[in-house]
Amino acid sequence: FDTGSSNLWVPSVFCSSPACRNHNRFNPAESSTFLSTNDTLFIAYGTGSMTGVLGYDIVNVAGINVRNQIFGLAETEPGDFFYYTPFDGILGLAFPSIASSGATPVFDNMMMENLVDRDLFSVYLSRDSQGGSFVLFGGIDPYYTTRGISWIPLSAETYWQITMESVSINGAPVACSSGCQAIVDTGTTLLAVPIRAFRTLMRRLGASSSGEISCEAANHLPSLIFHIHGKDFPVPPRAYVLRSNGYCTLGLQGMDTPTEEGELWILGDIFIREYYVIFDRANNKVGLSQLP
């Protein structure tokens, strides 16, 4: 479930890439409701790509039957990124304006077919690997909003893009000091930061240029404070320090992705795990509720 893309696609039986062969593959010949097209699909992600053809079928999402849903049948998935991913395909939850080949996203059809109570969905990502994460279509779970919800208007109806005022450490601005853009993206694992800001943050946090830091030093790092729509949204070091086999690295990556509105930050899973996030299509807002 990727809020940073808008297309639905799955591997097809016609795909011979290694990334398809070790995942579940869709066989259109076994579906009496499948409709084929001659339209092709190509999507490039930051870490992989796919090509295929488009078709229509009933898509069942947790008991919600979406009829006449257009989706991609992957015929190539080059490289090894998708080979190692646990998921078979991607269900995009961003806006139709960025959908490849003009395909209508799944949630747009859910709204048009009146399959959800409200034109919004919400995401909870657990902080450990024990499970419990969920996407809730059409509702907000009050259990996760006891600290209130901060509503942030979108600055573009493409990705779930918002305006950020600055990023600070220990009360002092360190990046995005003149304002910048950010997208809330479940499809990005880390915090993706413009390269100039990334270098500044690595230096201020005492990490190497690649993000490595001693685990002892990591125990004393400050929170990163994201200032958005007049409020502070902290991400503590326990969230952005990645520990593995006695080594520590910072969960940030340098990546320049400029937009018409300014430099772009990607608030990926490291940020999202600290908040219950509501993606409101009815009002074009993102709601953030800090988790305990």
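Every residue gets a Cβ built from N, Cα and C, even glycine.
Bear in mind that the values here come from a model prediction, so they are computed numbers and not experimental data.
Between Cys176 and the candidates Cys180, Cys215, TrEMBL annotates a single disulfide bond, the one to Cys180. Only one of Cys15, Cys215 is recorded by TrEMBL as the disulfide partner of Cys20: Cys15.
You'll find the Cα of Cys248 (disulfide bond) roughly 38 Å from the Cα of Cys15 (disulfide bond). Among the recorded positions Asp2, Cys15, Cys20, Cys176, the ones whose Cα sits within 10 Å of the Cα of Asp185 (active site) are Asp2.
When Cα-Cα distances from Cys176 (disulfide bond) are compared across the recorded positions Asp2, Cys15, Cys20, Cys215, the shortest belongs to Asp2.
The most densely surrounded of the active-site residues Asp2, Asp185 is Asp185 (count of other Cβ atoms within 10 A of its Cβ).
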